Structures are given as structure tokens and as C-alpha cells.
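Colleague: One structure, as C-alpha cells, below. Some questions next.
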Amino acid sequence: MTSVVVVGTQWGDEGKGKITDFLSADAEVIARYQGGDNAGHTIVIDGKKFKLHLIPSGIFFPQKISVIGNGVVVNPKSLVKELAYLHDEGVTTDNLRISDRAHVILPYHIQLDQLQEDAKGDNKIGTTIKGIGPAYMDKAARVGIRIADLLDKDIFAERLRINLAEKNRLFEKMYDSTPLDFDAIFEEYYAYGQEIKQYVTDTSVILNDALDAGKRVLFEGAQGVMLDIDQGTYPFVTSSNPVAGGVTIGSGVGPSKINKVVGVCKAYTSRVGDGPFPTELFDEVGERIREVGHEYGTTTGRPRRVGWFDSVVMRHSRRVSGITNLSLNSIDVLSGLDTVKICVAYDLDRKRIDYYPASLEQLKRCKPIYEELPGWQEDITGVRSLDELPENARNYVRRVGELVGVRISTFSVGPGREQTNILESVWASI
């Protein structure tokens with residue numbers, strides 16, 4: 001029984017897809033356990049970029065099983081589009097499995113997402129308008145439609161009719177918006193269900209059988225710990241649990257079967273959307289990091305907010321997600337800076353704190369306390385070991401590990417597979 005969970009430790013976009021792809025080489029099953037197509041991950045294979053939003057990164061290994069777990073909310077339209085994209089690129093999807101217990105995103109979820117966000121005005125959350133939140137709302141309210149329901153024509157029609165009638169009343173009475181047509185949605189989405197039914201199964205059985213047989217299973221999280229609905233910067237969060245604990249709920253695998261948790265972070269910090277960001281940069285250094293790091297959302301295309309590495313955030317993520325190993329990405333983006341900074345604590349009302357406050361009002365008053373380190377000018381994109389890094393870059397990597405309190409297993413100096421350097425094999429240490 002061998003399993004590893006990959007989680008983002010910041011606000012998403014840390015390079016989880018790249019690390020999952022890297023670790024997938026030694027895994028036999030790769031599974032997603034939460035989120036939806038609001039998450040974007042980019043994988044570079046032989047210099048070619050592949051952008052996925054829903055299907056696990058392991059799909060590029062045809063001999064390995066890729067699982068969309070029950071904790072994922074699935075937009076069938078997006079899924080069918082993504083499958084077609086992969087087929088056009090010559091990628092087989094015969095190894096994909098989708099949980100029959102996963103909930104379905106339908107057009108009324110997306111419309112409600114947009115209307116709710118518009119109604120918030122200046123207090124908007126910064127949602128991707130993918131219908132994720134409303135789909136999880138229906139799940140919690142016990143009125144959601146699952147993949148198993150989507151495949152049953154009569155059940156789907158019955159539940160869609162009830163849900164749509166309720167949502168249309170909401171659209172018309174509360175938001176003065178146009179109602180949606182039952183027949184159009186039913187025909188389109190039932191057809192999508194028929195297109196994906198070959199992949200649908202009880203994925204909890206597949207995952208547990210694999211673990212019981214001694215196979216290596218890799219669990220892939222979406223977003224990041226700081227977007228977790230319980231542990232993140234609420235309410236500027238996603239609607240699910242990206243923390244490692246979300247694996248057990250979102251995959252149907254018990255906590256006793258989780259061995260390692262790899263936290264993925266960048267050598268700096270980025271964030272899409274609104275919400276607290278203590279180390280955010282508004283100067284030319286921030287703009288340089290954004291441009292060099294290509295910090296634009298995979299899903300939205302929006303410019304990401306960027307800032308210095310925040311070890312307070314990272315220690316919070318380590319604690320609430322039980323991180324055992326760290327993967328440090330995008331060190332190369334900091335090349336060329338005379339000085340690099342790491343936030344080691346916050347100043348809250350002239351008192352030094354090293355925890356991440358739950359209160360948004362307190363966070364607004366938090367000022368980062370920085371430790372400055374000398375930068376490096378060298379191009380490090382061709383580095384293939386820690387010893388090859390310039391001394392200042394090497395010291396930066398070591399200091400990050402010390403401040404977070406977790407050993408660094410891999411570090412990356414670019415987006416390619418070959419630019420990921422191993423310091424310690426996660427699989428071998430289990």
C-alpha cells in the first residue's frame with residue numbers, strides 16, 4: 001500500500017500539474033479528489049504545452065489509470081470538450097475512470113454563479129464563473145444531480161425538471177433574469193452523459209483495490225490550501241477542500257491509506273482573484289516577476305497578483321495539510337534580482353506574530369516582516385542538481401526549507417519535465 005497526495009500550499013497555480021506529471025512516472029493510478037474545471041494545470045511534454053482543467057495529469061501515461069473522484073464536480077460539456085482536445089492531440093483516454101458519485105455542473109449553476117457574483121458588487125469573491133460553488137451548494141442541500149443520475153434518462157429528466165423549476169423561480173423573482181429551457185438542457189446534457197458513460201464506474205473500488213494490491217496511487221489536488229473552504233482565506237476561497245484531508249472524502253479512500261503529502265509551492269507567491277495577500281508587490285519587481293513567470297491564469301487568462309515568498313502561509317499549509325515533503329518551483333523566475341525577500345513573520349498592530357490570522361480585518365493590518373537575501377544573476381534553467389545552483393540560489397532554497405520546516409524533495413528551474421531536480425525520492429522513502 002503506497003500513496004502520495006500532491007497539494008498546492010499557496011493560492012493555487014503553484015505548478016501542481018507539473019509535479020503530478022513528474023511523480024506520475026512512478027505511480028500506477030493518478031486521481032483527482034476535489035474541485036472542477038475552475039482549476040487549470042499546464043503540463044509540458046517534449047516542449048509541447050498541454051492545458052487541462054478537469055482530467056488528471058496522469059492521462060498522458062496510457063498504461064496508468066486516471067481517476068476523477070467523487071469529490072470532483074464535473075461539467076459534462078467541459079469534459080467532452082477536453083476529451084476531444086486530447087484525442088485531437090493524439091492522446092488516448094481509454095485509461096480514464098469517472099466516479100458515478102461525482103456531482104454534475106449544469107447551465108443553471110453557471111448562470112447562478114454569474115448572478116451571485118454580479119450582485120456582490122465591490123464585495124465580489126473573484127469566482128471563475130464555472131458554476132463550482134452553486135454545484136457544491138446543491139450537493140450540500142441534497143438536491144444535486146450525480147453522474148449516475150445523468151446516465152439514467154428518466155431519473156435525469158425528473159431531477160432536472162425539479163431543480164430547474166426552482167432555479168428559474170430564483171432567476172426570475174430574485175435576479176430579474178431569463179429562465180433556462182428544460183428541453184434544451186436535457187437533450188444536450190443527456191447526450192454528453194452518453195458520450196462519457198464508458199468511463200463511469202465506482203472509482204472508490206478501483207482506488208482501494210489498487211492500494212490493497214500494493215500499487216502506487218497518486219492523489220492530485222486542485223487549487224491550494226489557502227483556497228480551502230475551511231483552512232483558507234474565507235470567504236475568498238473555493239467551495240471544496242484542497243487540503244490533504246479532502247482526499248478521504250473526495251476519493252473514498254480511508255485516511256489510514258495515505259502515506260505522504262507533497263506540498264507544492266513557487267519560490268514566490270501568486271494569487272488570482274480578490275482576497276488577502278500580505279506580501280503582494282505593486283512595484284516594478286512585481287511586474288517583472290509576473291512577466292518572467294508568465295503569471296496569467298490558465299482558466300481565466302487574468303493577470304495573477306504576485307508577491308514575495310511567505311513562510312507564514314507555508315507553515316499554516318504545512319500544519320493543516322500534514323505536509324511531509326516540499327516541491328519548490330519556479331526558482332528561475334527570481335534570477336536577475338539583486339535582492340530576494342522572504343516573509344518570516346507579520347507585524348500585527350506592532351506585535352510580531354508567526355501564525356496566519358483567520359480574521360480578514362486582522363489580515364488587512366498585517367505587515368510582512370522580511371528577511372533579505374542576496375540574489376543571483378545567472379541563468380539557472382539548465383541546472384540539473386542542487387550543487388549546480390549559484391551559491392545565493394542554493395542558500396535561498398535551503399532557507400525556504402528551514403523556514404517552512406519541511407525537507408525539500410524536488411526543485412524546479414523551468415516548466416519542462418527535465419527541469420525538475422530530485423533531492424529525495426518521495427516514493428522510495430515510503
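The chain as shown is numbered from 1 upward.
A Cβ is built for glycine as well, from the same backbone N, Cα and C atoms used for every other residue.
Below are the features listed in Swiss-Prot for this protein:
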| type | residues | note |
| --- | --- | --- |
| ACT_SITE | Asp13 | active site, proton acceptor |
| ACT_SITE | His41 | active site, proton donor |
| BINDING | 12-18, 40-42, Arg304, 330-332, 412-414 | GTP binding site |
| BINDING | Asp13, Gly40 | Mg(2+) binding site |
| BINDING | Asp13, Glu14, Gly15, Lys16, Asn38, Ala39, Gly40, His41, Thr128, Arg142, Gln223, Thr238, Arg302 | IMP binding site |
| BINDING | Thr298, Thr299, Thr300, Gly301, Arg302, Pro303, Arg304 | substrate binding site |
Colleague: What binding-site residues among Gly40, Gln223, Thr300, Pro303 are found with a C-alpha within 10 angstroms of that of Gly12 (GTP binding site)?
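Modeller: So the list reads Gly40, Gln223.
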Colleague: Select the most exposed residue of Gly301, Pro303, where exposure means the fewest other Cβ atoms within 10 Å, treating these as the binding-site residues.
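Modeller: If we count Cβ atoms within 10 Å for the binding-site residues Gly301, Pro303, the smallest count is at Gly301.
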Colleague: Between all pairs in Asp13, Glu14, Gly15, Lys16, Asn38, Ala39, Gly40, His41, Thr128, Arg142, Gln223, Thr238, Arg302 (listed as IMP binders), what's the biggest Cα distance, rounded to the nearest Å?
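Modeller: Taking every pair among Asp13, Glu14, Gly15, Lys16, Asn38, Ala39, Gly40, His41, Thr128, Arg142, Gln223, Thr238, Arg302, the longest Cα gap is 34 Å.
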Colleague: Near Gln223 (IMP binding site), how many other Cβ atoms are within 10 Å of its Cβ?
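Modeller: Its Cβ has 28 other Cβ atoms within 10 Å.
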Colleague: Just how many other Cβ atoms lie inside 10 Å of the Cβ on Thr300 (substrate binding site)?
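Modeller: Looking across every protein chain shown, the total is 17.
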Colleague: If one looks at the chain holding Lys18 (GTP binding site), which residues at least 6 apart in sequence have a CB under 8 angstroms from its CB?
Modeller: His41, Thr42, Ile43, Val44, Asn329, Ser412, Pro415, Arg417, Thr420
Colleague: According to DSSP, does the residue listed as 'active site, proton acceptor' fall in a helix, a strand, or coil?
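Modeller: Its secondary structure by DSSP: coil.
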Colleague: Near Thr300 (substrate binding site), which of the recorded positions Asp13, Gly15, Asn38, Thr128, Gln223, Ile331 can be found within 10 Å, Cα to Cα?
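Modeller: Taking Asp13, Gly15, Asn38, Thr128, Gln223, Ile331 one by one, the ones whose Cα falls within 10 Å of Thr300 (substrate binding site) are Asn38, Thr128.
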